[in-house]
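Visitor: Quick one: structure below, then a few questions.
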Amino acid sequence: MDKTTHFGYKTVAESEKAGKVAEVFHSVASKYDVMNDLMSGGLHRVWKHFTLTTSGVRAGDKVLDIAGGTGDLSRGWAKRVGKTGEVWLTDINSSMLTVGRDRLLDEGVILPVSLADAEKLPFPDNYFDAVSVAFGLRNMTHKDAALKEMCRVLKPGGKLFVLEFSKVWKPLSPFYDFYSFKALPIMGKLVANDADSYQYLAESIRMHPDQETLKQMMLDAGFGKVDYHNLTGGVVALHKGVKF
């Protein structure tokens, strides 16, 4: 019998989740950047900038951007590593990857792009100085397997940056719940003509491990040290793991 997992609040067979997540992102790819700005009031740019500026990534480094989507972090990494470095933009969703590749090319940013499953990364052991995954981990079926793969491809001393929605500060919960479950689907319907995908977004955030649970998952995956920073009252958290 097939094992089950969650897709938002629904229980589905593990073998079905990836396909259902793919449908969501095929649907929203063309409006993804517009919706990110609208939903977060532009704050997603601040969160990503914080990730980049506190990373310690420098010229010549090799960086893997997992679930990189439309390329926000990849563009930032490319600027930091310069011509002597190497940045890979990867995503499991071809629609998102196409939008990201085309957007980067339009901006004159040329870097390798790969359609890749985070649970089975097509890269050698101990290759990258840094790995990032922004707003992608919660959509993965086997998060533990994906985290182990991220650890595998990092060099000793390399860092993993997980930027993801997390458990919000308790006094903000009533407003945040109203916004997530009432406003987001309406915005999704009006802007992207897809309320269901943004209902899934709200549900997937609530089902994602909280800050301390994710920290322990990263330690269990092989990272020697893990810290996290809450951003915007815990709406988002940036976890940093170091491979020893």
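Every residue number used here counts from 1 along the chain in the order it is shown.
For all residues, glycine too, the Cβ spot is worked out from N, Cα and C.
Relevant sequence annotations retrieved from Swiss-Prot are reproduced here:
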type	residues	note
BINDING	THR70, ASP91, ASP117, ALA118	S-adenosyl-L-methionine binding site
Visitor: DSSP three-state call for ASP91 (S-adenosyl-L-methionine binding site): helix, strand or coil?
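Guide: Once the DSSP labels are grouped into three classes, ASP91 (S-adenosyl-L-methionine binding site) ends up as strand.
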Visitor: Here the binding-site residues are ASP91, ASP117; which one has the lowest number of other Cβ atoms no more than 10 Å from its Cβ?
Guide: ASP117
Visitor: Using Cβ atoms only, which residues of the same chain lie under 8 Å from THR70 (S-adenosyl-L-methionine binding site) while being at least 6 residues apart in sequence?
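Guide: Listed in sequence order, they are ALA29, TYR32, ASP33, MET96, VAL99, GLY100, ARG103.
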Visitor: Which residues in the same chain, at least 6 apart in sequence, have a Cβ under 8 Å from the Cβ of ALA118 (S-adenosyl-L-methionine binding site)?
Guide: ILE66, ALA67, THR90, ILE92, VAL133, GLY136, MET140, ALA146, GLU149, MET150
